[in-house]
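Per TrEMBL, domain 'Major facilitator superfamily (MFS) profile' is recorded for 144-607. Feature annotation from TrEMBL assigns region 'Disordered' to 1-39, 143-170. Per TrEMBL, the feature transmembrane segment maps to 211-231, 236-257, 263-281, 293-315, 321-340, 407-426, 446-467, 474-495, 523-545, 557-576, 582-603.
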Amino acid sequence: NGSLPPGDAAASAPLGGRAGPGGGAEIQPLPPLHPGGGPHSSCCSAAAAPSLLLLDYDGSVLPFLGGLGGGYQKTLVLLTWIPALFIGFSQFSDSFLLDQPNFWCRGAGKGTELAGVTTTGRGGDMGNWTSLPTTPFSTAPWEAAGNRSNSSGADGGDTPPLPSPPDKGDNASNCDCHAWDYGIRAGLVQNVVSKWDLVCDNAWKVHIAKFSLLVGLIFGYLITGCIADWVGRRPVLLFSIIFILIFGLTVALSVNVTMFSTLRFFEGFCLAGIILTLYALRIELCPPGKRFMITMVASFVAMAGQFLMPGLAALCRDWQVLQALIICPFLLMLLYWSIFPESLRWLMATQQFESAKRLILHFTQKNRMNPEGDIKGVMPELEKELSRRPKKVCIVKVVGTRNLWKNIVVLCVNSLTGYGIHHCFARSMMGHEVKVPLLENFYADYYTTASIALVSCLAMCVVVRFLGRRGGLLLFMILTALASLLQLGLLNLIGKYSQHPDSELQLKLAVGMSDSVKDKFSIAFSIVGMFASHAVGSLSVFFCAEITPTVIRCGGLGLVLASAGFGMLTAPIIELHNQKGYFLHHIIFACCTLICIICILLLPESRDQNLPENISNGEHYTRQPLLPHKKGEQPLLLTNAELKDYSGLHDAAASGDTLPEGATANGMKAM
């Protein structure tokens, strides 16, 4: 289970992390090398290992710099919060740029025009595309899904939503038109759909445009994560800022939907680099007790961007102006080249001690610290190690570990499930099958989703404080599974029993009551499901950032964030197929929640623990029981002093050495 042998565990005690209130995991360093050979020896001598004091960043280097008490560290944390507002604008811009408006054939004799009717685009720019089956409905994972209409004969100021997607025959009759008028609900006079007439036979191109941003994010997380572990966080952040300015501003100058979708892919790629590196830098700046709250503050700032987006759209009125206004604030981040340093934790973990020394002196100068305050002797030890060559690691090295890869895979599946099933709950609450007057308005849909996410983050702060990372993730996953299973099973059960009444009067009453009860239950379960699934996705990403070693932290974060992107990608895929397979989609993710509940129990607890710096640290997280045992009760899991290293036993058996006296084949003492 990743524990150390008794002798090695005792030798590594100075670097062990502090145990949390719930009896969490302990982070232990690489076991001391035995010069005499044997199963624990290596081709390198003990002198090749760096000083243990320098590897204990949270226990020695960070206290020497004053933790978060120094003014310079506080400034750097603030600089990681500010861009979260711009990131929030970019992440939720699709809800406005690609919103499917109400539309009708121009000159069809519509009685009362809708507020915000725009001019029509020209369909001649689409001649190079192949026409696919029509899908006039769109349901982004963060926005309301219903309330769209493509009826050319609607009248009145409010066009009612269609009860279900029209079949192909209806589209053929309603779409027999060459010019359209639009009623855009998202506060804009013109958006991408109205500019290039992406309705009827061209409606599928809207989903392709949504694909482009999400696919760009997925590839960006995977690639920039690996690069940030190899060349550093700061270069990836700065180059991502430069290129998002280039591609983001060019998006506003798109001449057709093909150019728009292509540039949005590269915009998403660069946005992923900014999100990933800022997340890692934020985590690596903080001491153990402050990591979660500082990360949650950044989440609240991003949500502020989500809440402000409708006002920004109403202010801009045109999608091109809105796109430019979203990207232009990133110009301020160009100043980060001169004011934001490289991650000191990453420099120390990769043994770049020359650069680390210069940065430590920069920190002490900015904080006006007295060098005599170096009680533990960090600087003298650093002077001895200046001649070392850097040792960088790629995320693919995790494949050779026994425990670390399992933890990352479990969190990837949790992230995929949380963000994937979130769309199922959103569609159930705001889709066409639930007819609630409050949810028939774009702004009500949008702010309902945003409010649920805000409440979810507030609940995370409370739950994680008392239950820890693993306990909180388990609780939210159980709530997600219950909401999903009850929505799929209980609502069908209500409908089943309503079909077998004793009389005709009971039949009428049962049918009416059944529809009303099913709608209310569906809304209730959907709200609980959206609340819990959002917490599952967010907490999985944070959990991964804590248990992944510094040398591969960005690569591990990239895997989990890319899994979240795949979960979000299921929403436009279902829409592209005109909601076909939605029920099966929900069932698959409901089954995944049950699997995740079991797998979460295999994760270690990272609350109040030092961050692992190298792969050996991350590999030696020990899993503790979810609930601490009572006094006088025999624990079910053995302590570190009672465990043996399985790999050592196998190596000893292979070399013909005899096992120590009192040891058995499974590493337990003979009683």
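Just so you know, the numbers here start at 1 and follow the chain as drawn.
Glycine is treated like the rest: Cβ placed from N, Cα and C.
Fair warning: this is a prediction, and the values are worked out from it, not measured in the lab.
Between the transmembrane segment (582-603) and the transmembrane segment (407-426), three or more CB pairs separated by 6 or more residues in sequence fall under 8 Å, so the two stretches touch. Sequence-remote contacts of a segment are chain residues at least 6 beyond its ends whose Cβ falls under 8 Å from one of its Cβ atoms, and for the transmembrane segment (321-340) they are 76, 79, 82-83, 85-86, 89-90, 93, 96-97, 188, 234, 237-238, 241-242, 244-245, 248-249, 251-252, 274, 281, 312-313. Per-residue pLDDT, averaged over the domain 'Major facilitator superfamily (MFS) profile' (144-607), rounds to 81.
Counted over residue pairs separated by six or more positions, the transmembrane segment (557-576) shares at least 3 Cβ pairs under 8 angstroms with the transmembrane segment (407-426), which defines the two as touching. Contact between the transmembrane segment (523-545) and the transmembrane segment (211-231) is not supported, since fewer than 3 Cβ pairs fall under 8 Å when only residues 6 or more apart in sequence are counted.
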